[in-house]
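One structure is given here, and the rest of the page talks about it.
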Amino acid sequence: NPCCDAATCKVTPGSQCAEGLCCDQCKFMKEGTVCRPARGDWNDDTCTGQSADCPRKGIYG
């Protein structure tokens with residue numbers, strides 16, 4: 001993984017993240033980027049722009 005220094009188990013200089021649904025090419029995806037599409041009665045889950053995690057909103061559409 002080019003975003004992760006295997007020797008230190010930390011992200012490489014200039015990288016924000018190494019993995020996650022909201023991580024793309026070592027950077028956090030923009031706020032509002034759909035990271036988990038709507039399913040059934042649930043709305044899309046979107047990235048915050050501040051984390052590599054895809055938060056579950058748990059809001060009905």
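Here the Cβ of each residue, glycine as well, is placed from N, Cα and C on the backbone.
The Cβ neighbour count for Cys26 (disulfide bond), using a 10 Å radius and every protein chain shown, is 18. Cys26 (disulfide bond) falls outside any helix or strand according to DSSP and counts as coil. Annotation comment: Swiss-Prot describes Cys3-Cys26 (among others) as disulfide bond.
Marked as disulfide bond by Swiss-Prot on the basis of similarity to another entry: Cys9-Cys23 (among others). Every protein chain considered, the tally of other Cβ atoms within 10 Å of the Cβ of Cys23 (disulfide bond) stands at 22.
Under the heading disulfide bond, Swiss-Prot lists Cys17-Cys23 (among others).
According to Swiss-Prot, the feature disulfide bond maps to Cys22-Cys47 (among others).
Taken from Swiss-Prot, the feature disulfide bond applies to Cys35-Cys54 (among others). The local packing around Cys35 (disulfide bond), expressed as other Cβ atoms within 10 Å of its Cβ over all shown chains, amounts to 20.
Within the model, the domain 'Disintegrin' (1-61) carries an average pLDDT of 92. The annotation domain 'Disintegrin' is assigned in Swiss-Prot to 1-61 on the grounds of sequence analysis.
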Looking only at the domain 'Disintegrin' (1-61), what are its DSSP counts of helix, strand and coil residues? 0 helix, 16 strand, 45 coil
Around the Cβ of Cys22 (disulfide bond), how many other Cβ atoms lie within 10 Å? Please give the count over every shown protein chain. 25
Disulfide-bonded residues compared (Cys3, Cys9, Cys17, Cys47, Cys54) - highest count of Cβ atoms within 10 Å: Cys47
